[in-house]
Amino acid sequence: MKIKALSKLKPEQGIWMNEVDMPELGHNDLLIKIKKTAICGTDVHIYNWDEWSQKTIPVPMVVGHEYVGEVVGIGQEVRGFQIGDRVSGEGHITCGHCRNCRGGRTHLCRNTIGVGVNRTGCFSEYLVIPAFNAFKIPDGISDDLASIFDPFGNAVHTALSFDLVGEDVLITGAGPIGIMAAAVAKHVGARHVVITDVNEYRLDLARKMGVTRAVNVAEQNLEDVMKELGMTEGFDVGLEMSGVPSAFSAMLKTMNHGGRIALLGIPPSSMAIDWNQVIFKGLVIKGIYGREMFETWYKMASLIQSGLDISPIITHHFKVDDFQKGFDIMRSGASGKVILDWQ
(Lines of atoms letter the chains of each structure in order from A and count residues from 1; the text may use other names and numbers.)
(Lines give C-alpha, C1' and ligand atoms only; values in the text may rest on other atoms or scores of the structure.)
Protein backbone atom coordinates (compact mmCIF):
# COMPACT_ATOMS: atom_id res chain seq x y z
CA MET A 1 0.00 0.00 0.00
CA LYS A 2 1.25 3.46 -0.94
CA ILE A 3 0.73 6.52 1.29
CA LYS A 4 1.22 10.27 0.88
CA ALA A 5 4.35 11.87 2.37
CA LEU A 6 6.54 14.98 2.31
CA SER A 7 10.13 14.04 1.53
CA LYS A 8 13.56 15.38 0.79
CA LEU A 9 13.92 13.82 -2.65
CA LYS A 10 16.89 15.73 -4.09
CA PRO A 11 20.05 17.29 -2.64
CA GLU A 12 18.86 20.84 -3.32
CA GLN A 13 16.48 23.43 -1.89
CA GLY A 14 12.90 22.19 -1.45
CA ILE A 15 10.58 19.54 0.00
CA TRP A 16 8.37 17.44 -2.25
CA MET A 17 5.10 15.53 -1.90
CA ASN A 18 5.40 11.92 -3.02
CA GLU A 19 4.11 8.41 -2.40
CA VAL A 20 5.98 5.98 -0.16
CA ASP A 21 5.39 2.43 1.05
CA MET A 22 3.31 1.91 4.17
CA PRO A 23 5.81 1.50 7.06
CA GLU A 24 6.18 -1.98 8.54
CA LEU A 25 5.17 -2.56 12.16
CA GLY A 26 7.81 -4.26 14.33
CA HIS A 27 7.26 -6.26 17.55
CA ASN A 28 8.01 -3.26 19.80
CA ASP A 29 6.43 -0.57 17.63
CA LEU A 30 3.25 1.45 17.26
CA LEU A 31 1.63 2.31 13.93
CA ILE A 32 0.27 5.85 14.16
CA LYS A 33 -2.21 7.45 11.76
CA ILE A 34 -1.06 11.07 11.59
CA LYS A 35 -3.64 13.79 12.27
CA LYS A 36 -1.55 16.95 12.43
CA THR A 37 2.12 17.83 12.06
CA ALA A 38 4.01 21.05 12.78
CA ILE A 39 6.91 22.51 10.83
CA CYS A 40 10.09 22.85 12.90
CA GLY A 41 13.04 25.16 12.31
CA THR A 42 14.99 21.96 11.62
CA ASP A 43 12.61 21.19 8.75
CA VAL A 44 13.33 24.67 7.35
CA HIS A 45 17.07 23.92 7.51
CA ILE A 46 16.38 20.69 5.59
CA TYR A 47 14.21 22.59 3.07
CA ASN A 48 16.96 25.19 2.56
CA TRP A 49 19.57 22.41 2.21
CA ASP A 50 22.12 24.29 4.29
CA GLU A 51 25.55 23.04 5.32
CA TRP A 52 24.23 21.10 8.33
CA SER A 53 21.55 19.37 6.21
CA GLN A 54 24.02 18.39 3.52
CA LYS A 55 26.17 16.65 6.14
CA THR A 56 23.29 15.06 8.06
CA ILE A 57 20.20 14.22 5.99
CA PRO A 58 20.04 11.06 3.85
CA VAL A 59 18.28 11.56 0.49
CA PRO A 60 15.60 10.47 -0.28
CA MET A 61 13.83 10.48 3.11
CA VAL A 62 10.46 11.41 4.63
CA VAL A 63 11.07 14.36 6.98
CA GLY A 64 9.29 15.89 10.00
CA HIS A 65 9.21 15.06 13.72
CA GLU A 66 6.41 17.14 15.33
CA TYR A 67 3.06 15.37 15.26
CA VAL A 68 -0.07 14.03 16.89
CA GLY A 69 -1.92 10.96 15.71
CA GLU A 70 -3.97 7.93 16.62
CA VAL A 71 -2.68 4.43 17.36
CA VAL A 72 -3.98 2.06 14.65
CA GLY A 73 -1.50 -0.81 15.04
CA ILE A 74 0.34 -2.34 18.02
CA GLY A 75 3.38 -4.63 17.94
CA GLN A 76 2.96 -7.98 19.68
CA GLU A 77 5.47 -7.15 22.46
CA VAL A 78 3.91 -3.75 23.29
CA ARG A 79 2.04 -3.19 26.54
CA GLY A 80 0.24 -0.09 27.81
CA PHE A 81 -1.29 1.18 24.57
CA GLN A 82 -4.65 0.55 22.91
CA ILE A 83 -6.03 1.07 19.42
CA GLY A 84 -7.47 4.58 19.30
CA ASP A 85 -5.04 6.13 21.81
CA ARG A 86 -4.10 9.70 20.92
CA VAL A 87 -0.30 10.06 20.96
CA SER A 88 2.58 12.31 20.18
CA GLY A 89 6.12 11.05 20.47
CA GLU A 90 9.70 11.70 21.46
CA GLY A 91 11.68 12.38 18.28
CA HIS A 92 14.97 11.12 19.71
CA ILE A 93 15.22 7.35 19.42
CA THR A 94 17.79 6.07 21.89
CA CYS A 95 19.87 2.90 22.01
CA GLY A 96 18.93 1.57 25.47
CA HIS A 97 22.41 0.08 25.92
CA CYS A 98 24.84 2.93 26.67
CA ARG A 99 25.68 4.01 30.22
CA ASN A 100 23.32 7.00 30.17
CA CYS A 101 20.39 4.97 28.83
CA ARG A 102 20.95 2.26 31.43
CA GLY A 103 21.28 4.95 34.12
CA GLY A 104 17.91 6.50 33.24
CA ARG A 105 19.45 9.57 31.58
CA THR A 106 18.03 8.63 28.21
CA HIS A 107 18.09 12.17 26.80
CA LEU A 108 21.90 11.98 27.01
CA CYS A 109 22.17 8.80 24.89
CA ARG A 110 25.32 9.01 22.81
CA ASN A 111 23.72 6.98 19.99
CA THR A 112 20.55 9.06 19.48
CA ILE A 113 18.78 8.75 16.12
CA GLY A 114 16.45 11.58 15.10
CA VAL A 115 13.01 10.94 13.60
CA GLY A 116 12.87 12.85 10.31
CA VAL A 117 16.60 13.55 10.52
CA ASN A 118 18.38 10.18 10.53
CA ARG A 119 15.36 7.95 9.89
CA THR A 120 11.87 8.17 8.34
CA GLY A 121 9.90 11.12 9.69
CA CYS A 122 6.28 11.92 10.50
CA PHE A 123 5.33 14.04 7.46
CA SER A 124 3.32 11.11 6.17
CA GLU A 125 -0.13 9.57 6.55
CA TYR A 126 1.32 6.86 8.84
CA LEU A 127 4.35 6.63 11.12
CA VAL A 128 5.97 3.67 12.88
CA ILE A 129 7.99 4.41 16.02
CA PRO A 130 9.09 2.34 19.03
CA ALA A 131 6.27 2.27 21.59
CA PHE A 132 8.83 3.47 24.16
CA ASN A 133 8.90 6.82 22.33
CA ALA A 134 5.14 7.38 22.27
CA PHE A 135 3.39 9.64 24.78
CA LYS A 136 -0.34 9.37 25.45
CA ILE A 137 -2.03 12.76 25.22
CA PRO A 138 -4.38 13.42 28.16
CA ASP A 139 -8.00 14.31 27.42
CA GLY A 140 -8.52 18.06 27.41
CA ILE A 141 -5.32 18.82 25.49
CA SER A 142 -6.13 19.72 21.88
CA ASP A 143 -4.62 18.07 18.81
CA ASP A 144 -3.09 21.43 17.88
CA LEU A 145 -1.20 21.67 21.17
CA ALA A 146 -0.28 17.98 21.12
CA SER A 147 1.29 18.42 17.67
CA ILE A 148 3.81 20.94 19.07
CA PHE A 149 4.79 18.96 22.19
CA ASP A 150 8.25 18.32 20.71
CA PRO A 151 9.30 22.01 20.54
CA PHE A 152 7.26 22.83 23.65
CA GLY A 153 9.41 20.19 25.35
CA ASN A 154 12.58 22.00 24.28
CA ALA A 155 11.15 25.13 25.91
CA VAL A 156 10.11 23.33 29.11
CA HIS A 157 13.41 21.45 29.44
CA THR A 158 15.39 24.68 29.00
CA ALA A 159 13.20 26.90 31.18
CA LEU A 160 12.93 24.43 34.06
CA SER A 161 16.67 23.68 34.18
CA PHE A 162 16.92 26.09 37.10
CA ASP A 163 14.62 27.34 39.87
CA LEU A 164 12.76 30.36 38.46
CA VAL A 165 10.53 31.38 41.37
CA GLY A 166 11.06 35.09 42.05
CA GLU A 167 13.97 35.26 39.60
CA ASP A 168 14.64 37.73 36.78
CA VAL A 169 14.99 35.83 33.50
CA LEU A 170 16.58 36.90 30.20
CA ILE A 171 15.67 34.95 27.06
CA THR A 172 17.69 35.69 23.92
CA GLY A 173 15.83 34.64 20.77
CA ALA A 174 12.07 35.05 20.30
CA GLY A 175 11.50 32.09 18.03
CA PRO A 176 8.59 29.80 18.98
CA ILE A 177 10.71 27.88 21.51
CA GLY A 178 12.01 31.06 23.15
CA ILE A 179 8.49 32.50 23.40
CA MET A 180 7.11 29.27 24.89
CA ALA A 181 10.00 29.23 27.39
CA ALA A 182 9.06 32.78 28.39
CA ALA A 183 5.45 31.72 28.97
CA VAL A 184 6.63 28.78 31.10
CA ALA A 185 8.91 31.06 33.15
CA LYS A 186 6.05 33.45 33.92
CA HIS A 187 3.67 30.59 34.71
CA VAL A 188 5.98 29.01 37.28
CA GLY A 189 6.68 32.24 39.15
CA ALA A 190 9.56 34.20 37.61
CA ARG A 191 9.47 37.93 38.41
CA HIS A 192 10.65 39.80 35.28
CA VAL A 193 10.86 37.83 32.02
CA VAL A 194 12.64 39.82 29.30
CA ILE A 195 12.99 38.44 25.75
CA THR A 196 15.21 39.91 23.02
CA ASP A 197 15.21 39.62 19.23
CA VAL A 198 15.24 41.81 16.10
CA ASN A 199 12.10 40.27 14.53
CA GLU A 200 9.22 42.61 15.43
CA TYR A 201 6.53 40.06 14.43
CA ARG A 202 7.85 37.56 16.94
CA LEU A 203 8.42 40.16 19.65
CA ASP A 204 4.72 41.09 19.28
CA LEU A 205 3.87 37.40 19.63
CA ALA A 206 5.96 37.28 22.83
CA ARG A 207 4.02 40.26 24.20
CA LYS A 208 0.76 38.39 23.56
CA MET A 209 2.18 35.46 25.54
CA GLY A 210 2.72 37.66 28.61
CA VAL A 211 6.43 38.54 28.80
CA THR A 212 7.38 41.49 31.01
CA ARG A 213 9.27 43.17 28.17
CA ALA A 214 9.99 42.19 24.56
CA VAL A 215 13.06 44.13 23.44
CA ASN A 216 14.16 44.81 19.87
CA VAL A 217 17.90 45.06 20.46
CA ALA A 218 18.37 46.82 17.11
CA GLU A 219 16.42 49.75 18.54
CA GLN A 220 16.63 49.54 22.32
CA ASN A 221 19.41 49.03 24.86
CA LEU A 222 18.99 46.06 27.22
CA GLU A 223 20.64 47.93 30.11
CA ASP A 224 18.06 50.73 29.74
CA VAL A 225 15.23 48.20 29.98
CA MET A 226 16.78 46.74 33.13
CA LYS A 227 16.88 50.22 34.71
CA GLU A 228 13.23 50.84 33.77
CA LEU A 229 12.29 47.59 35.53
CA GLY A 230 14.24 48.58 38.65
CA MET A 231 16.79 45.80 38.19
CA THR A 232 20.04 46.78 39.88
CA GLU A 233 22.04 43.55 39.91
CA GLY A 234 21.46 41.71 36.63
CA PHE A 235 19.53 38.65 35.49
CA ASP A 236 19.47 35.55 37.68
CA VAL A 237 18.73 33.09 34.87
CA GLY A 238 19.55 33.27 31.15
CA LEU A 239 17.97 31.08 28.46
CA GLU A 240 19.91 31.36 25.20
CA MET A 241 17.67 30.27 22.32
CA SER A 242 19.13 32.08 19.30
CA GLY A 243 22.63 30.76 18.61
CA VAL A 244 23.61 34.37 17.80
CA PRO A 245 27.04 35.29 19.24
CA SER A 246 26.12 38.95 19.94
CA ALA A 247 23.04 37.79 21.88
CA PHE A 248 25.10 35.46 24.08
CA SER A 249 27.67 38.20 24.62
CA ALA A 250 24.91 40.59 25.79
CA MET A 251 23.58 37.87 28.09
CA LEU A 252 26.97 37.32 29.75
CA LYS A 253 27.34 41.08 30.35
CA THR A 254 23.91 41.44 31.97
CA MET A 255 23.93 38.33 34.19
CA ASN A 256 24.10 38.73 37.95
CA HIS A 257 27.01 37.16 39.84
CA GLY A 258 26.16 33.51 40.46
CA GLY A 259 23.75 33.53 37.52
CA ARG A 260 22.76 30.38 35.68
CA ILE A 261 22.52 29.99 31.89
CA ALA A 262 20.87 27.24 29.83
CA LEU A 263 21.97 27.04 26.19
CA LEU A 264 19.60 25.59 23.59
CA GLY A 265 20.52 27.76 20.57
CA ILE A 266 23.39 26.40 18.49
CA PRO A 267 26.06 29.06 17.90
CA PRO A 268 28.84 28.78 15.31
CA SER A 269 31.71 26.68 16.65
CA SER A 270 34.02 29.68 16.24
CA MET A 271 32.01 31.85 18.69
CA ALA A 272 34.28 33.83 21.02
CA ILE A 273 33.31 33.98 24.71
CA ASP A 274 34.40 36.62 27.23
CA TRP A 275 35.55 34.11 29.84
CA ASN A 276 36.16 36.91 32.36
CA GLN A 277 32.38 37.30 32.57
CA VAL A 278 31.94 33.58 33.21
CA ILE A 279 34.77 33.12 35.69
CA PHE A 280 34.62 36.29 37.79
CA LYS A 281 30.83 36.20 37.98
CA GLY A 282 30.83 32.50 38.87
CA LEU A 283 28.30 31.71 36.14
CA VAL A 284 26.93 28.21 35.60
CA ILE A 285 26.38 27.26 31.94
CA LYS A 286 24.38 24.16 30.98
CA GLY A 287 23.87 22.76 27.48
CA ILE A 288 20.36 21.54 26.61
CA TYR A 289 19.55 18.94 23.97
CA GLY A 290 16.04 17.65 23.37
CA ARG A 291 13.75 16.72 26.23
CA GLU A 292 14.22 14.63 29.38
CA MET A 293 12.55 11.28 28.76
CA PHE A 294 9.91 11.38 29.89
CA GLU A 295 9.94 13.80 32.78
CA THR A 296 9.70 16.79 30.42
CA TRP A 297 6.65 15.24 28.71
CA TYR A 298 4.77 14.81 31.99
CA LYS A 299 5.66 18.39 32.94
CA MET A 300 4.36 19.67 29.58
CA ALA A 301 0.99 18.00 30.07
CA SER A 302 0.79 19.18 33.69
CA LEU A 303 1.65 22.78 32.79
CA ILE A 304 -1.19 22.92 30.26
CA GLN A 305 -3.59 21.18 32.66
CA SER A 306 -2.68 23.78 35.32
CA GLY A 307 -3.68 26.66 33.08
CA LEU A 308 -0.65 27.54 30.94
CA ASP A 309 -1.95 28.76 27.57
CA ILE A 310 0.56 28.45 24.72
CA SER A 311 -2.07 28.43 21.96
CA PRO A 312 -1.18 31.95 20.66
CA ILE A 313 2.15 30.52 19.45
CA ILE A 314 0.21 28.60 16.76
CA THR A 315 -0.35 31.24 14.07
CA HIS A 316 -1.04 29.35 10.84
CA HIS A 317 -2.89 26.20 9.71
CA PHE A 318 -2.72 24.63 6.25
CA LYS A 319 -4.01 21.44 4.66
CA VAL A 320 -1.07 19.19 3.86
CA ASP A 321 -1.60 19.70 0.11
CA ASP A 322 -0.77 23.38 0.75
CA PHE A 323 2.50 22.49 2.51
CA GLN A 324 4.44 24.89 0.29
CA LYS A 325 2.53 27.84 1.77
CA GLY A 326 3.44 26.57 5.23
CA PHE A 327 7.14 26.39 4.42
CA ASP A 328 7.05 29.80 2.72
CA ILE A 329 5.51 31.48 5.78
CA MET A 330 7.97 29.71 8.11
CA ARG A 331 10.91 30.82 5.98
CA SER A 332 9.64 34.42 5.99
CA GLY A 333 10.01 34.67 9.79
CA ALA A 334 6.49 36.17 10.00
CA SER A 335 4.95 33.22 11.85
CA GLY A 336 4.86 31.31 15.07
CA LYS A 337 4.19 27.59 14.78
CA VAL A 338 2.71 26.40 11.47
CA ILE A 339 0.49 23.29 11.52
CA LEU A 340 -0.25 20.97 8.59
CA ASP A 341 -3.55 19.06 8.75
CA TRP A 342 -3.35 15.52 7.32
CA GLN A 343 -7.06 14.66 7.60
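Including glycine, each Cβ sits where the backbone N, Cα and C put it.
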Same-site residue for NAD(+) (record: Swiss-Prot; known: Asp197, Arg202, Leu264, Gly265, Ile266, Ile288, Tyr289; options: Ile177, Ile304, Ile310): Ile177
His65 (Zn(2+) 1 binding site) as reference: those recorded positions from Thr42, Cys109, Asp197 with C-alpha within 10 Å of it: Thr42
Among the recorded positions listed here (Cys40, His45, Glu66, Cys101, Cys109), which has the Cα closest to the Cα of Arg202 (NAD(+) binding site)? Cys40
Checking the recorded positions His45, His65, Arg202 for other Cβ atoms within 10 Å of each Cβ, the smallest tally belongs to His45
Tell me the Cβ contacts of Cys109 (Zn(2+) 2 binding site) under 8 Å, same chain only and six or more apart in sequence, or just say none. His92, Thr94, Cys95, Cys98, Asn100, Cys101
